[in-house]
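Q: Straight from Swiss-Prot, here's the annotation block:
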BINDING   Gly30, Asn31, Asn32, Ala33, Gln34, Gly35, Lys36, Thr37  ATP binding site
Amino acid sequence: MWIKELELKHYRNYDHLLASFSSGLNVFIGNNAQGKTNFLEAIYFLSLTRSHRTRADKELIHFDHSTVSLTGKIQRISGTVDLEINLSDKGRVTKINALKQAKLSDYIGTMMVVLFAPEDLQLVKGAPSLRRKFIDIDLGQIKPVYLFELSHYNHVLKQRNSYLKSAQQIDAAFLAVLDEQLASYGARVMEHRIDFINALEKEANTHHQAISNGLESLSLSYQSSVVFDKKTSIYQQFLHQLEKNHQKDFFRKNTSVGPHRDDLAFYINGMNANFASQGQHRSLILSLKMAEVSLMKALTGDNPILLLDDVMSELDNTRQTKLLETVIKENVQTFITTTSLDHLSQLPEGIRIFHVTKGTVQVDSDIH
């Protein structure tokens, strides 16, 4: 899939923008604070209905206005699709082909994106919540049912935690009802995650071995707070541990086990990647990003759109070459932001270059 056209009205520092793109590489050049990252954020938002930079939708609205409109014309294997998101003080409206979507799980996945931004380099050593978010964003695009089950899990989790905080003593019967619901949704969330990580590991290891010239292997491990064994279902084990932890959870006023506590670990040649070098971290994240692209295509039959936000300068020539070889080979539409072409020595011919200045975008008259 690829974005043929994007229109922004009152988004960040863009009062109005209408642009069309190459199905291959699109490079956005400009000084800092001109709107390059805002532009990629808009594509990300149109795909996932959320920003990767802020939780406050009001920050996305141009200072002179009270509403935001984003529309995109997306070419998929199955045909052209029009996406639209409107924001106002009344909330958010999402549309596919002018039809309002009642549920996010009906909208997300229509246009898949993979974002590679400087903050992704913190994925290995950052908080577990970053790694859970990484899993959730990918899985939500690949399997819309995952978002449905995760949303229901979080709703029941909020109810259970609220009860634990307010209760003066344990009502075993009431807690049993919440436990059953939490275990039911939570088990399916964990099953989806485990399957996803197993598939991602194979793709990531292939890319990592290519980047390291066969010197390093990359493995991933889903770290669950629920203790598993092969004889009993995840649901039964999760439910048992929830019941076992009633007193502890009541004392701590929160739920101590479940997918909201889970994590993801990375290993290079069997060693925890927390102890890897900076260069190895860059190779690991690059391998993951390329694996995301490969896996989305393998599981859905269509390519995602790749957003590279000021990260090419973080990669040496070898890593740049591996990345660009992948996107060209797989025919992935790619958006790159940069302050200069000087460090992009590996860019091929046939790219479209845009210049970004104070919320305006001008395309070069020629395709380079």
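Placed from the backbone N, Cα and C atoms, the Cβ positions cover glycine too.
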Q: Can you check which residue among the binding-site residues Asn31, Asn32, Gln34 has the largest number of Cβ atoms within 10 Å of its own?
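A: For the binding-site residues Asn31, Asn32, Gln34, the Cβ with the most other Cβ atoms within 10 Å is Gln34.
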Q: If we count other C-beta atoms within 10 Å, could you say which of the binding-site residues Gly30, Gly35 has the fewest?
A: Gly30
Q: Around the ATP site formed by Gly30, Asn31, Asn32, Ala33, Gln34, Gly35, Lys36, Thr37, list the extra residues of the same chain whose Cβ is within 8 Å of the site's Cβ centroid.
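A: For the ATP site, the extra neighbours are Asn38, Thr337, Thr339, Val356.
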Q: What is the total of other Cβ atoms whose distance to the Cβ of Ala33 (ATP binding site) is within 10 Å?
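A: Step by step: centre on the Cβ of Ala33 (ATP binding site), count other Cβ atoms within 10 Å, giving 10.
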Q: Please work out the number of neighbouring Cβ atoms within 10 Å of the Cβ of Lys36 (ATP binding site), leaving out its own Cβ.
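A: Within a 10 Å radius of the Cβ of Lys36 (ATP binding site) lie 23 other Cβ atoms.
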Q: Provide the number of Cβ atoms within 10 Å of the Cβ of Thr37 (ATP binding site), excluding the reference atom itself.
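A: Around Thr37 (ATP binding site), other Cβ atoms within 10 Å: 22.
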